Amino acid sequence: MLTDYTNQLLQSMQRVFGAQSEMGLATEQLSQQLLDYEKKNFALGKGDEEVITTLQRFAKTVGELNSLHSELANQMADSMVFPLIQFREKDLTEISTLKEIFGIATDEHEAAMVKYSRLPKKKENEKLKADLIKEVAYTRRKQHQASLQYYCALNALQYRKRVAMLEPMLGYTQAQISFFKKGIELVSKKMDSFLNSVEKMTQNIQAQLDMEAEAMRACQRELLSVEDTVYTLDKDTESVNRTLIQKAGYLNIRNKTGLVTTAWDRLYFFTQGGNLMCQPRGAVAGGMVLDLDNSSVMAVECEDRRYCFQITSPSGKTSMILQAESKKEYEEWICTVNNISRQIYLTDNPEAVAIRLNQSAIQAVTPITSFEKRQEGSPNPDRAKPGGIHATSGASQKTGSALEPEDLIAPGTPIQFDIMLPASEFLDQNRSGGRRTNPFGETDDDCSAESDDSLLQQVFVVRFLGSMAVRCGNNPEVIYEAMRQVLAARAIHNIFRTTESHLMVTSSDLRLIDPQTQVTRMTFQLGEVCQFVAHQENARLMGFVVENRDGSDADEEGEPSFSAFVFESNTEGEKICYTINLAKDIAEAKKDPEALAQLMKNMPLTNDGKFLLLEPETDNTTNEDGQEDLESEA
C-alpha cells in the first residue's frame, strides 16, 4: 500500500514539475513571440511603435518571469521530486529485498526441519543426525538474523515514511515562496513562521530516527549474542509444564494421500478454548480442526517417526496423528490436550485446577516395574455395564450403585506395566494370581496331561496394558476403574510401549504365551478368574480379576486378595469374554458326565473332539455350506 501510494504521489509531483517546466518553456516562447512582433512589419502598422515598446517591456517582464519559472522548476526537481524518488528507490526497495531474504531464510529453515523430521529412529545415523541438527541451527540463526534486519527496517520505515511525506512538500512550498518573494514580500512573511515550524518538526523526526536506530542496533546485537543451544533441538533447559491449558507451535500432521500412502505437513497449531486450531502458512487466520472436549490423547509410534501422539474425538470416529519438534514440546502438547479435554478451562481458576489435578494424578498413579506389596484399596468407574458373564467370590463385597473409587481400588495402588519380572519377584507374582511355568516351556506331567485332554483351546493376540491390586472381585465396576487408572497412568507418564502375547483360553486355565519363544509367561487357573468384562465404548479393551488367598494350603483360612489385569486385543473383547465364559461352562460340566455329554451334543466340535467357537450370527438364517466362515479369528 505504501509503495502504491508513493508511486501515485510521485506521479502527481512529476506532473506538477512537468507543468512548471512547461510553464518556463511557455513563458520563454511568449517572450520571444512578443519580440517578434516588431519584425513582422504589418501593413496596417499605425501606432505600432507604442505597441512594440509596450510589448518589449512585456517581453522583458516575461523574460524575467521565465527565469523565475526556470529557477522554480529546478527547485521543484531538487527538493520535491528527487527526495520522493530516493525514498522509493532506496527505502522501499530495501524493504522488498529484506522481505525476500527473510522468505528465502524461512524456506531454508522449513526444508531443514523437514529433513530433521524425516530422521529415522530405528536405524539412527549419528553423523547424519549431527549434520541435520547443525543445519537446523544454522538455518534458524540465519532466519533469526534476517527477520531482525527485516523488522528493524520496517520499524525505521515508519519514521522515514513520515519524513518522505513531509520533505517534498516542504521543498515545494519553499520553492513557491522563493518564487513569490520577489514580487510579494508580504505573502512570504506570512509563511515564514509555518515553514519554520515544519522544518523544526522534520529535524525532530530525524533526531528520533537516529535514537531509535541506535536502540534497535543495540537490541539486535544483544539478541544475536545468545548461545547456539537456543537454536538447537532437544536442548531445552526448562522442565516440562504439565499444567498448561493453552499451547501453540508448529506440528507435523499426517494426511492420507491415497489408499495406503500418507504425507506429513508442517503447520502451525494453537488451542483456543476447547478447540484445536490450525493456521497454514500465508493464511490470515486459523480454522478449527477438532473439538478437544472429552477427547482422548495418547503417545503412539508411527512410521519410524519420533515424538508422535494421537488425538481422538469422544465418538472415536475422528482422530489425527501429530508429531512434535522435541521431547519437551511432545510431552507438553499431550498434557495440554489432556487438561483441555477435562474442560478445566471453563472453571474460574483453570491454572490452579490444572496444578491440583496434576499433583493428585501423580500421587494416585505411580508406575512401577514389579508387583510390590499392595495396600487394600478401591475405585469408582463412570461406566458400569459388564461385557461378559462373571463369577462371584465367597468373600463379602460392597455392591450397589453407590460405590466410590476408594471402595474398589485403594488410592496410591501401584500399577505394573510389564509382565516380565526378575527371578526375585516370582513370589510376589504368585501372590498376585499369576503362575509362571518353566522358562524352557516344560511343565509337570499332570499339567501336560490336562492340556492334552482340554476340550477347548482358543488363542487371541493381546497386548498387556497393566495390572494392579483391587479390593473386590464380584463387581464389574472394579475392572472399569482399573482400565481407567491404567490408561490414565500411561497418558500421564507417557508410557506407550506394550508387551504383545498370545492369550490361550482352555477349559482349565488362561495362559499368556510369548509369541516368539512359545514360552508360557503366566498361567491363571480358571477357577481363580472371578470376573471378566469388555469395555463398553472401546470394544478392544477387556480385563479380568483373579482371586488368590494368602494361605497356600488352607484356602478357607486365608484372607482372599484380588488382582485386575487389563489387555488390548486385536479382536473384540466380547469374543474373549464369551470364550472364557464357555470355558467356565465346560469346566463346570466336566464335574457331571451327563452335563458334559449334553454340552458336547449342543456345541459343534472339531475333528479332534474340541469345541468349535462360532462368530455371533448376523441374521436368523444359517448357511450350512459356510460353516468355515463362522470360526473364530484365532
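Each Cβ is built from the backbone N, Cα and C atoms, and glycine gets one as well.
Just so you know, TrEMBL annotations never went through curation; they're auto-generated.
Look at TrEMBL and you will find 625-634 tagged as compositional bias 'Acidic residues'.
According to TrEMBL, the domain 'PH' annotation covers 244-342. The residues of the domain 'PH' (244-342), classed with DSSP into helix (H, G, I), strand (E, B) and coil, number 15 helix, 50 strand, 34 coil.
What TrEMBL records for 460-518 is domain 'PID'.
Residues or ranges marked as region 'Disordered' by TrEMBL: 368-401 (among others).
Annotation source TrEMBL lists region 'Disordered' at 430-449 (among others).
Here TrEMBL flags 614-634 (among others) as region 'Disordered'.
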Can you give the mean pLDDT for the domain 'PH' (244-342), rounded to a whole number?
-> 87
Would you list the DSSP helix, strand and coil counts for the residues of the domain 'PID' (460-518)?
-> 16 helix, 24 strand, 19 coil
